[in-house]
């Protein structure tokens, strides 16, 4: 399928909208009440620090809603205002934040049901309005909705669209797209649908397995077993690892994406030589600015003397998880929570999700005596949620 031609055709359809409806002022107050915070603005103005008795709060200097998320949420609110009585669907969570998605449900936005990991579009009919979330949607989903006669409101983050353009360039020039991402993440599913031949690698370990195979050190059967669900149909590692282009899920750890790119560049240079490198390796920068800014701010935050650190964001949020990884790598006592409700003020305990583990509850969350708490949040977390966490910390510190 010529995905580039399909996108171009869809963008010219009268039933497609990716620019909003000119109702920003009408929904501004709703958005401000639901997501913004005066306290957070005050803390920003005070050098990202707050002192309250024995409590010192240090905020990361970049956190919370990114521009792409703000745009997607605002467009969803505008869509409901523009279509007050039409049946309104969304193909997935608008962003990985439970409170934001709950607000959409309260606005009678229907979420496409999922049965055993497969989306069920049978309830969507001609004339329905369907929102594509910030992560985007697969080209097959777009095609289905277009053929069904739906009105499509596309809130896909422009940074995600940039990655789609990159893998389409790989496809055009017969390069295999090596995508650094999580194979089941909505964004990676969408990106791979625009690619031709592709392979998804999760981390440096998987990238090294691919590098070893390229250099003749791997076993074909073991390789195919490892990547059976992370590659394009008919993928042949002996044929499809000769010409590579690197792309990424925009929320992955920046330093890891860069290192994976360097690994493949060095490998192709070693195998084919400098004269032919450009025939075997393509590099594009698809790292999201907002992701990079939040990770850089987190690295600065963990350099400060902190007693503990709270990371706020959806448990299925990739960018939030990577912020938590940075804290863990520094040995800081840290807690990943998805909502302020995870903090129990009556018992001074916190329910949180350690990396790659199930939820657990820790007692004596806020220690006695002077305490410095670092706080950051993922790109899908509104300031209002961060404010609620800080207010709980303030009350706990008074006891």
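For all residues, glycine too, the Cβ spot is worked out from N, Cα and C.
Among the candidates 82, 96, 103, the residue that Swiss-Prot annotates alongside 185, 250, 317, 318, 319, 380 as binding (2E)-4-hydroxy-3-methylbut-2-enyl diphosphate is 96. Per Swiss-Prot, the [4Fe-4S] cluster site holds 66, 288; the candidate it also names there, chosen from 150, 157, is 157. A 10 Å cutoff on Cβ-Cβ distances gives residue 157 ([4Fe-4S] cluster binding site) a total of 25 other Cβ atoms nearby, all chains included. Pairwise Cα distances among 96, 185, 317, 318, 319, 380, the recorded dimethylallyl diphosphate-binding residues, top out at 15 Å. Comparing C-alpha positions, residue 288 ([4Fe-4S] cluster binding site) sits nearest to 250 among the binding-site residues 96, 185, 250, 319, 380.
Listed in chain order, the residues near the [4Fe-4S] cluster site other than 66, 157, 288 are 67, 68, 69, 134, 158, 159, 160, 250, 251, 289, 290, 291, 379, each with its Cβ within 8 Å of the site Cβ centroid. Listed in sequence order, 251, 291, 294, 313, 378, 379, 380 are the same-chain residues six or more apart from residue 319 ((2E)-4-hydroxy-3-methylbut-2-enyl diphosphate binding site) with CB atoms under 8 A from its CB.
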